[in-house]
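Colleague: Per TrEMBL, the feature domain 'Aminotransferase class V' maps to A:61-331. Under the heading N6-(pyridoxal phosphate)lysine, TrEMBL lists A:Lys224. Under the heading substrate binding site, TrEMBL lists A:Arg362.
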Protein chains: 2
Amino acid sequence: SSYRGTDASLVLQHARSMSSVSVPPPKCLQKTFVAPRRHMFGPGPSNVPPRILAAGAEPVIGHMHPEMLEIMSDIKSGIQYAFQTENNMTIAVSGTGHTAMECAIFNAVEPGEGVLTAVNGIWGERAAEMAERIGAKVNSIVTTAGGYFTSEEIDQALAKHKPVLFFLTHGESSTGVVHPLDGIGDICHKHNCLFLVDCVASMGGAPLYMDKQGIDILYSGSQKVLNAPPGTAPISFSERACQKVFNRKTKPVSFFLDMTWLANYWGCDGKPARIYHHTAPVSAFYALRESLAILAEQVTLVWFLNHDAIHTLLDRNARLPTVTTIVAPPGYDWKEITSYIMKNHNLEISGGLGPSVGQVLRVGLMGGNSSKASVDMVLEALRDALRYCHKSKV
Amino acid sequence: SSYRGTDASLVLQHARSMSSVSVPPPKCLQKTFVAPRRHMFGPGPSNVPPRILAAGAEPVIGHMHPEMLEIMSDIKSGIQYAFQTENNMTIAVSGTGHTAMECAIFNAVEPGEGVLTAVNGIWGERAAEMAERIGAKVNSIVTTAGGYFTSEEIDQALAKHKPVLFFLTHGESSTGVVHPLDGIGDICHKHNCLFLVDCVASMGGAPLYMDKQGIDILYSGSQKVLNAPPGTAPISFSERACQKVFNRKTKPVSFFLDMTWLANYWGCDGKPARIYHHTAPVSAFYALRESLAILAEQVTLVWFLNHDAIHTLLDRNARLPTVTTIVAPPGYDWKEITSYIMKNHNLEISGGLGPSVGQVLRVGLMGGNSSKASVDMVLEALRDALRYCHKSKV
């Protein structure tokens, strides 16, 4: 036993310590945890395939071991492929999609600068709130939930407000909109403005070309089409974005998300030595790498096409292929429907979010979940729910 | 196959999309990743036992499914036990120790308020930098690396600077110091100041009693004594801290780390409904819960005593039990020693960090790694290295 050799004085000293222990070990932790097996057909997280779970369960090594730096380099390449970008400044943030959203705004904007956000659901509102918190002057263009913006509307708003950053959500998972991107980058650049795009819910499931579409900052999440556990977030900065990010007058409010530090940690700053910044989520990076490896095994045509073909089976309006919004069946309580399906079919679909609460059901079929078998399962569950749930409850 | 039913126009439309693909799938992702098996005896991450890795590989469920809320409740209880606190406002941050550090400072401090940090290694410097970035007036008391502060020094500095927050590192992993805590909480409160303590490197390995020691905000990390993968960070706020945190005039700079939102997400605000805030790192929470369950299986006496007994075998100066600093052997290049040991013994020990670079070797024996067998392994590796590495290289 490891207690041999402990001398008596030490035991006494700790016996004294022991008398200070007043909070007992909690009984709830005595239960063995086994996660339920579920069809994750909500807007995310999606089902994580065994191959990615297994990668995440490989033994933990050091956050700066050579093998880890190689994994980070692989992740960088994988994100460049997924984003269709050659940007050197491409990394994964050690956090969720929200962390990446803050990383983008914290680094690109200084206090007092103008930010314009396009609001057609919850994400534009959250970006506005984040920018306000760091002292930016925030304006928003707003359209009805489910709507999107024309290039003319964006052009006019940029001319009026002259922001340094324009935020747009590519895949509005709260309303099921995939926003057109072509041409908007050019409009932003005409107004000397950076183009920031949230592709958390769309990346890998809808056509997206960071470089060709002139996107300056693009971020996503791991738990949607990539089918990795939540907790890591791809992000990339164009040359134009880097010019602004690395020539600030003030430091970003967050040390943890400061791209000057992160660029070094990810080997993107050309300096020979990596300086310790933070301890990366090693296991989550293993899983993210594996999810990108799976994406890279498919030709791009397939991942887009597959999502669109599947989506078309549910919704013919050519909207967001990854998360399909279905008008909530009139006369039913949507919560009863989703609960019924969870209980009887072991399957998650979700209600609305933000402006779409009560209006829609949301079905996410992302990555490996994007198959005709999944669609059939969802439709059968819905049919069953409509039969057994109470009508005229609302 | 899932492509049946795809109509021709869709195929054409995507064939056009396909012509936009210019970044090919990266070859580096074709390699299967297998993590090397290593003895992780540096200052962290520590070895993650199979039981925790397996918990982290359970299937991912939704971040707001009832089972997930139960896991979060279990985690809360586990942290209360580990911290020896009855604080209701006890959660895990969805990020690393640095994220928790920012969470503490962002929520407790408003722009223009005073912060005092105790600097006896790298962590006090980082806390100062974080507080400066959000516009706090920061003062520091500084002592030599390896030193610590007397209650009188702290009392005088608090009287002089009148900060709203005093930051102290319990386990200074860069210098191997475990800072005395008794009495400092009372001194802080006498000066109407909150007492913030970093216990990332010490929690579970050195006696620590949040409530009895009058600590107002305490945070740790998952990858040290808890032996979980890095990426989650326990944090707790006293009633006194909550009074300040929830009565701010300004919003914290980070939406992601805003305790008003996090308190709701963790069910700590007494409100019946949980509002979607962010997608928690589900798998990392599984692993954290399991690591806390393992901690709770041991009586407190054992986890402290074990670390101290093991530590005593290496270092008789009664310093930080989890991370032992060893004076770098004179005449040797420390990098050659750590590289030799990594290469020939498959074992990580580390050099210094910050002020201790070049001065020390750091050996971390945390959680399951805290055994006499590990000590023997380290000593044998060191003996071997001193025999084969080149003397007089520096």
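Keep in mind that glycine also has a Cβ here, set from the backbone N, Cα and C atoms.
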Colleague: Minimum Cβ neighbour count within 10 Å among the recorded positions A:Lys224, A:Arg362: which residue?
Modeller: A:Arg362
Colleague: To the nearest whole angstrom, state the Cα distance for the pair A:Lys224 (N6-(pyridoxal phosphate)lysine) and A:Arg362 (substrate binding site).
Modeller: 14
Colleague: Tell me, what is the mean pLDDT of the domain 'Aminotransferase class V' (A:61-331)?
Modeller: 94
